[in-house]
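These come from TrEMBL:
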ACT_SITE  His205  active site, proton acceptor
BINDING   Gly36, Ala37, Ala38, Gly39, Gly40, Ile41, Gly42, Asp62, Asn122, Ile145, Ser146, Asn147, Met256  NAD(+) binding site
BINDING   Arg109, Arg115, Asn147, Arg181  substrate binding site
DOMAIN    31-173  domain 'Lactate/malate dehydrogenase N-terminal'
DOMAIN    175-337  domain 'Lactate/malate dehydrogenase C-terminal'
Amino acid sequence: MLKSLARKTSTTGTSYLTLRGLASESAPDRKVAILGAAGGIGQPLSLLMKLNPLVSRLALYDIAGTPGVSADVSHINTRSEVLGFAGEEQLGKALEGADVVIIPAGVPRKPGMTRDDLFNINAGIVTSLCTAIAKYCPHALINMISNPVNSTVPIASEVFKKAGTYDEKRLFGVTTLDVVRAKTFYAGKAKVNVADVNVPVVGGHAGITILPLFSQATPNGNLASEEIEALTKRTQDGGTEVVEAKAGKGSATLSMAYAGAIFADACLKGLNGVPDVVECSFVQSTVTDLPFFASKVRLGKYGVEEVLGLGPLSDYEKQGLEALKPELKSSIEKGIKYANAN
């Protein structure tokens with residue numbers, strides 16, 4: 001039954017959420033820690049991970065608020081044991097023995113803010129959390145959600161290098177929300193079943209660095225070039241669309257939690273040896289001349305099994321690729337510079 005579930009989830013976005021009651025007796029024990037579990041993304045993400053039958057222990061950490069979140073989530077009648085941890089003195093206990101660590105911690109975007117505006121606050125948070133990860137669970141798979149991902153992933157890599165624990169196969173920037181949006185917007189425009197849609201999204205995780213490859217989308221919607229350009233722009237501006245719609249009261253939290261749960265589920269399947277689990281992610285890469293880049297990644301027992309190439313690009317996508325490189329390069333260098341200065 002787990003294998004049939006894997007076939008439904010790999011790269012399609014169909015998830016365990018549609019298959020509650022799945023037998024989990026054969027699944028190995030897996031601990032997942034969520035850092036920032038009491039926040040806008042963290043709470044719904046905690047709920048979604050509690051529903052995942054591959055999770056046996058769920059550790060919820062935040063600087064405050066986690067006793068209430070963990071008590072609430074723990075009443076749900078699914079496999080995992082839930083434990084809440086609050087305050088820096090409990091961070092080590094939250095992390096010990098974790099197989100996957102998901103980091104949605106940090107401040108959200110507000111109207112007028114770019115992901116880069118978040119940098120100074122979130123960079124410090126990510127640095128301290130990754131320092132603890134290096135100490136307490138150096139072999140865990142790290143799912144970085146904290147923005148700006150284009151900088152926080154490089155920051156994490158430098159923290160781990162300084163601690164002597166860096167393994168590029170175990171560090172992921174979660175760009176799944178870009179894929180989720182691209183699939184949704186494409187299905188609506190092409191008038192196809194969204195459950196059947198697959199769209200790779202490459203590059204980074206902010207503005208023009210987000211490059212959906214609609215030329216590779218399946219099923220083929222035969223969309224006009226101006227429709228592809230409009231879909232590309234909407235995918236790139238998806239976060240801003242939500243920030244403005246919430247009118248100062250938050251950013252994309254629910255859809256981000258869903259995307260984070262999808263990617264964490266893929267990581268767990270890879271760890272458990274399920275074959276052909278492929279998702280897009282921002283990882284250390286040689287696909288381009290940039291040190292980090294988002295593309296399709298095959299996940300396995302040790303994290304990244306293979307970073308897949310970009311495949312054939314349309315002329316529009318080739319232009320987009322060249323246009324995004326300077327901004328992505330700058331964001332990566334900003335993260336590395338910050339880490340080395342701190």
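One is the number of the first residue shown, and numbering goes on along the chain from there.
Including glycine, each Cβ sits where the backbone N, Cα and C put it.
Just so you know, the Cβ of His205 (active site, proton acceptor) picks up 29 other Cβ atoms within 10 Å once every protein chain is counted. Looking only at the domain 'Lactate/malate dehydrogenase N-terminal' (31-173), the predicted model's pLDDT averages out at 95. Checking the binding-site residues (Gly36, Ala38, Gly42, Asn147, Arg181, Met256) against the residue listed as 'active site, proton acceptor' with a 10 Å Cα-Cα cut-off leaves Asn147. Rounded to the nearest whole angstrom, the C-alpha distance between Gly36 (NAD(+) binding site) and Asn147 (substrate binding site) is 13. When the record's NAD(+)-binding residues Gly36, Ala37, Ala38, Gly39, Gly40, Ile41, Gly42, Asp62, Asn122, Ile145, Ser146, Asn147, Met256 are compared pairwise by CA position, the greatest distance found is 18 Å. For Ser146 (NAD(+) binding site), the same-chain residues 6+ apart in sequence whose C-beta sits under 8 angstroms from its C-beta are Gly36, Ile103, Pro104, Ala105, Gly106, Asn122, Ile125, Val126, Thr152. Secondary structure counts, DSSP: the domain 'Lactate/malate dehydrogenase N-terminal' (31-173) has 66 helix, 28 strand, 49 coil.
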